[in-house]
Amino acid sequence: MVDLESEVPPLPPRYRFRDLLLGDQGWQNDDRVQVEFYMNENTFKERLKLFFIKNQRSSLRIRLFNFSLKLLSCLLYIIRVLLEKPSQGNDWSHIFWVNRSLPLWGLQVSVALISLFETILLGYLSYKGNIWEQILRVPFILEIINAVPFIISIFWPTLRNLFVPVFLNCWLAKHALENMINDLHRAIQRTQSAMFNQVLILISTLLCLIFTCICGIQHLERIGKKLNLFDSLYFCIVTFSTVGFGDVTPETWSSKLFVVAMICVALVVLPIQFEQLAYLWMERQKSGGNYSRHRAQTEKHVVLCVSSLKIDLLMDFLNEFYAHPRLQDYYVVILCPTEMDVQVRRVLQIPMWSQRVIYLQGSALKDQDLLRAKMDNAEACFILSSRCEVDRTSSDHQTILRAWAVKDFAPNCPLYVQILKPENKFHIKFADHVVCEEEFKYAMLALNCICPATSTLITLLVHTSRGQCVCLCCREGQQSPEQWQKTYGRCSGNEVYHIVLEESTFFAEYEGKSFTYASFHAHKKFGVCLVGVRREDNKNILLNPGPRYIMNASDICFYINITKEENSAFKNQDQQRKSNVSRSFYHGPSRLPVHSIIASMGTVAIDLQDTSCRAASGPTLALPSEGGKELRRPSIAPVLEVADTSSIQTCDLLSDQSEDETTPDEETSSNLEYAKGYPPYSPYIGSSPTFCHLLQEKVPFCCLRLDKSCQHNYYEDAKAYGFKNKLIIVAAETAGNGLYNFIVPLRAYYRPKKELNPIVLLLDNPPDMHFLDAICWFPMVYYMVGSIDNLDDLLRCGVTFAANMVVVDKESTMSAEEDYMADAKTIVNVQTLFRLFSSLSIITELTHPANMRFMQFRAKDCYSLALSKLEKKERERGSNLAFMFRLPFAAGRVFSISMLDTLLYQSFVKDYMISITRLLLGLDTIPGSGFLCSMKITEDDLWIRTYARLYQKLCSSTGDVPIGIYRTESQKLTTSESQISISVEEWEDTKDVKDPGHHRSIHRNSTSSDQSDHPLLRRKSMQWARRLSRKGPKHSGKTAEKITQQRLNLYRRSERQELAELVKNRMKHLGLSTVGYDEMNDHQSTLSYILINPSPDTRLELNDVVYLIRPDPLSYLPNSEPSRKNSICNAAVQDSREETQL
């Protein structure tokens, strides 16, 4: 490089001085060469080609001019025929010579000259080296036939009356029309419609055939009948319609031959055109055609993008979307890359859906298909992932690309996206609303373990039910004879609504008052449950911000009610008093119907005597002293307008008192073990930070393995750890990132440390290191590699003393060849667990909600059969929640993530639903926002009596807001139902039993909800006993008595005892203690259900679990020293405040 630089000589001084004055322009201009590009387009031929062919607009004008010219020539031919006088005689000269006036001849010559010149010019411009290709084209030959004779007649005047078949120009006009339509579509930038073109070609072909036949017959009959144009038209229409009256017929052989030729041409050309049209029509039916621009601009529509459309997904979307009155005029455009299956096609042919649903086959990644769906004019776009795929990550990737494509094509279109894996969520943060399936699923299953039936509670809240229907017969469960089904169905109609406080009749009077005061009095007066609020200048929703929050006029209130306030009617005070008097004669558990409370503005008749003049009786719900009890009912402190937080407790009123009795040594050890803070490691990007109970130091990975000893501990089974609380076992296929959201809600900072349950992850596959890094900071979290198929694995992980077992649906089994068979393995495994461990609370996730009828299946249980019939009736009535009366769902024992699809659909109308659901599930934590928890009603709490008094007690003491009740009752069957449960064959088997008491016991046990509860034989034993009973008449009396005795001995050995013995033997074989196995404890003869926002006078019952939204403990600090328990809670809150720096 140095040598090259040394070879360059220095510039002379004069050049240096010139460069200083003029810059570098002087010598650069000397060497610069101007280059012109695209010189090939500057030739005369290329300029003509650009004007006549390439340029869209000029080419369209040329095509239009050519089309008009051909129509003009046909019009001149008709004028010539009409002006011509009929010739005399039948000489053949009339075929070759016609009478043509001079002006008409001049016009036809001019048209011929222009047409021929244009044809030759276009042929020259499109010439590509083969001259015969241009000459032998049919349009060029027709042009020569129709134009050259007129040009020759200019120089040879005797040929001016020569007949020229100018009517053949109609075919040239047809050809020009096709080219013009193509150029028109290019000019207006519109996607060409093959169906439109084909229909146009068919119509123009038919018209050309008829016009050619009319003119040809009329001319050939000049030597015959002398037909005019109208007679020729009549003859052609009659002939082509196959009617053939015969009143007008051709006479000459030439005209007859021409008619035969035209019929042959029609029989060849028209079927081809119809076949192509039919093919395109079928393809159009498959692809769905287009959604017109005019409709998109004048009507409202949303687009649903899916990779494959199943009938269940379609009906869930349509039922939920059109459940809102203001969406009745919307259209749904479905954009799916696959062909419509038979079931979907059948549904979309129903008039109710065919008028509002349009199916387009196409891909969201193609702008052409997005244009067909008019995505840029859509009100919203719903993009759903296909969960029934083996590779769910690949399904998410497709969803991400669809979302990007829609955002690129229509940036102003609101996006509602469903994603499966939480690690993929950050790719679509730009979407307006996102629902991550695994996040919601695991958080909901986790809360099910500490707040029973949370999954059912959330599912009912996000579904649009018919509980608010005016017609009683249309409401869920109102036709059932069971009272619990009526109450449960009516309360299921409660949903979350919003309204501005100053515009509300419910809440306007509470401006300037505390949130808890407004919540209690709104429920007392109107029966609505105020659960959250949002400032006008803030996007964050606060669930139960507590008694320190003062309501403003501009606040947006979120409340639970049967219907929104705008659809409610209010009675005056006199009407309410009359209704209260008439209603006071009934003293049932639910005295006032919900709808009557909603429609009233008066105060509900709640017995709160002496509550306005008495102070709080104590910090808990405990019953006051006996002396006070003898004089009057226990009093409840009133809810203050502006709360005095010195009397507000931040701890659970009904929490375990053992936490108060903790010794100083236990407190010291507890403080050393646990800390409060944010998890230092998150397994995926985009997880919401949650304040949790954490360990001071992370646990070594070897200590996370439950069934393997290491150098730090020597425990090899759950029993050896000596946990004080019962286990929560999660059976999953893999330790995905979503499983992290199962642990976080159970280790949230507001959960008491004494109530933390150990978590055991029973995994089919070993977890990876990233997942272990995330969970090693949480206390009492372990994993074990095993399967629920293996009894030994279940026993090692501590299933015998577990509080809950969560069975997560496996990804590898989510897809099956036959619909609804994806849950087969899960259902059978859970049924085995149900048989082996009847006292275990099992929470199962299924792929298809329809399969929940197989959970805890009892084929001969008449109560389950009655519920099956009720479900069918509700489905026939059009209910969106036909499965809600199934006992496993009502009790919160089964859940399907597809039930939460409606959460995304509801967000189109209620854009706050996703945020509220995430706050309830603990997926998001906002400072000042409360959390979902529960409390159990014990015998000491029954003095409160009603739900309204409980509402007041909670609001006045702790600031908690109750939102519902989880109630458990024993199953009671009527005599008729009991009789149904015994089949004829069983009755024949038991009719020989002489002991009436034993017969009654068998009869009573047969009505139980669990067929395995009473002493029945296994299947083979029953078959053997029946065979003996059928052979009975063949034996003597002594033999019959012997057979009867053998059958009684078999009955005494129950299936439950055999299973219990099997489990105990396996436990002994594994070296496990059998003390924790309670083989006879059974809670399966009960039914549980949820009452969302029950009426204020609903009676509390023993073992009711009340759902609470508790204020954030970190939002305030009490100023006084109430009780010892309260001070402990305040200290915990103070520690939390110091750690979080909030």
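The backbone N, Cα and C atoms fix where each Cβ goes, and this holds for glycine too.
Keep in mind the model is a prediction, meaning the values are calculated, not measured.
Considering the side of the membrane named for each residue in Swiss-Prot, LYS45 and ASN99 do not coincide. In summary, of the candidate residues ASN99, ASN552, the record from Swiss-Prot lists N-linked glycosylation site for ASN99, whereas the others have no such entry there.
Checking Swiss-Prot for intramembrane segment across the ranges 229-249, 691-711, 796-816, 901-921 points to 229-249. Note on Swiss-Prot: of 568-592, 618-642, 1118-1142, the range annotated with the feature region 'Disordered' is 1118-1142.
Here Swiss-Prot gives transmembrane segment for one range in the set 64-84, 400-420: that range is 64-84. Using a Cβ-Cβ cut-off under 8 Å and counting only residues 6 or more beyond its ends in the same chain, the topological domain 'Cytoplasmic' (123-137) has close neighbours at 45, 48-49, 52-53. Under DSSP, residues within the topological domain 'Extracellular' (220-228) fall into helix, strand and coil as 4 helix, 0 strand, 5 coil.
Same-chain residues lying 6 or more positions outside the topological domain 'Extracellular' (250-256) and placing a CB less than 8 Å from one of its CB atoms are 95, 216-217, 220-221, 223-225, 235. Helix, strand and coil counts from DSSP across the topological domain 'Extracellular' (250-256) read 4 helix, 0 strand, 3 coil.
Counting residues 6+ beyond its ends, the topological domain 'Extracellular' (220-228) has Cβ neighbours under 8 Å at 86-87, 90-92, 94-95, 235, 248, 250-252, 254-255, 258 in the same chain. Per-residue pLDDT, averaged across the topological domain 'Cytoplasmic' (174-198), gives 73.
Reduced to three states, the DSSP call for ASN99 (N-linked glycosylation site) is coil. Of all Cβ atoms in the shown protein chains, 12 besides its own fall within 10 Å of the Cβ of ASN99 (N-linked glycosylation site).
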